[in-house]
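Pulled from TrEMBL, these are the features on record:
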type: ACT_SITE; residues: LYS102; note: active site, proton donor
type: BINDING; residues: LYS66, LYS90, SER344; note: substrate binding site
type: BINDING; residues: THR185, ASN216; note: NAD(+) binding site
type: SITE; residues: ASP142; note: site 'Important for catalysis'
Amino acid sequence: MNALAATNRNFQHAARILGLDSKLQKSLLIPFREIKVECTVPKDDGSFVSYIGFRIQHDNARGPMKGGIRYHPEVDPDEVNALAQLMTWKTAVADIPYGGAKGGIGCNPRELSVSELQRVTRVFTQKIHDLIGTHRDVPAPDMGTNSQTMAWILDEYSKFHSYSPAVVTGKPIELGGSLGREAATGRGVVFATEFLLAEYGMSIANMKFAIQGFGNVGSWAATFIHQKGGKVVAVSDITGAVKNQNGIDILALLKHKGKTNSLKDFEGGDAMDPNDLLLHECDVLIPCALGGVLNKENAADVKAKFIIEAANHPTDPEADEILSRKGVIILPDIYANSGGVTVSYFEWVQNIQGFMWEEEKVNYELKRYMKRAFDDIKAMCHTYNCNLRMGAFTLGVNKVARATLLRGWEA
């Protein structure tokens, strides 16, 4: 099932539970605006190349739209649409005053030089500058983009609209980025894990974790779990996979990856097939990579008791049902990985105020926001007698529906 169909299915289930009017349901599903632009740029060799850029702006009932920009050869409009919609529900669950958006350019950033990437980014910004803005739509980094990409967008946007640091988040610290932003998604994943385990009288210490994906989110999550006494027994990424039943030394693995850019040949564990990671013997499984990795083919063989969805949409609805029947507890993506967008909100607030926070304050506020959201989800689960995914979806959809009605959508 593709990402859009799965997201729509979750939305419709939540809308049924909430008893939403069918016209309102339809209105909430349809994106506010879909943008598609051609980005033609000169390459370093003098030839010209064209890429298609997208921006899906899903909903702005609760505030400016918010979401990442990804550079990937397979930027699929359906997937971008699904991710924009997920951002609408995610920001509502986190109770930050945003709607959802998502964008991307269909290019392979690995095949482009730094100067080519800069030109592509600037042309894309020129094409959409009048449709984004501090109080309209605030982009952020995603797959294949980073703080440097945001710096280029800020600079190009500012040529048209004067200096506007709050137009993007995930910026370099020197240009108004927030302390704590880089680690925020991984840190939020660990806070969410702590809150969930506490419900069952457990803690991270001495639990066994398997982590799929060792990029920004996976490496920070592994680092914090390691610091809190948890055992990370298996890690994988696109370069390979490592296992060690006694727990991997995460700092040593980070050093090895920093030197070799790969997980292969790490001396502190045994190599394993990356495809086996999701089925590895562990207490907590944290998928931090791509969507749709848990499906009807492999769900029955998952051994973890808890799944923390650090990636967007890692579990297909069919897998969801199989895992639920097995008694596996799944903490859904629209809550579990919301640490990044929450600290993006803090960055936006700091930029608007022109007053920057200490990192200690950023982390304290992140924990407070994530605890409040967790308690709100549990309250919805209790009210509607549903699982955590539907608790999160009903919470998010209800807030957006309420805001839409209060603004007088039928007038």
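Here the Cβ of each residue, glycine as well, is placed from N, Cα and C on the backbone.
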| Given the substrate site residues LYS66, LYS90, SER344, which other residues of that chain have a Cβ within 8 Å of the mean position of their Cβ atoms, reported in sequence order? | GLY67, MET87, THR91, ALA94, ILE96, TYR98, GLY100, ALA140, SER338, GLY340, VAL341, THR342, TYR345
| request: Report the largest Cα to Cα distance, in Å and rounded to a whole number, among the residues LYS66, LYS90, SER344 that the record lists as binding substrate. | output: 13
| said: Going by a 10 angstroms cut-off between Cβ atoms, which of the binding-site residues THR185, ASN216, SER344 has the sparsest surroundings? | reply: ASN216
| said: For the C-alpha pair, I'd like the distance in angstrom between LYS102 (active site, proton donor) and LYS90 (substrate binding site), rounded off. | reply: 13
| Cα-Cα distance linking ASN216 (NAD(+) binding site) and ASP142 (site 'Important for catalysis'), given in Å to the nearest integer | 10
| query | When the Cα of THR185 (NAD(+) binding site) is compared with the Cα of each of the binding-site residues LYS66, LYS90, SER344, which one is closest? | reply | SER344
| request: Would you mind listing, in sequence order, the residues at least six apart from LYS90 (substrate binding site) in the same chain with a Cβ closer than 8 Å to its Cβ? | output: GLY100, ASP333, ILE334, TYR335, ASN337, SER338, VAL341, GLY396
| request: Determine the most Cβ-crowded residue among the recorded positions LYS102, ASP142, using a 10 Å radius around each Cβ and all protein chains in the structure. | output: LYS102
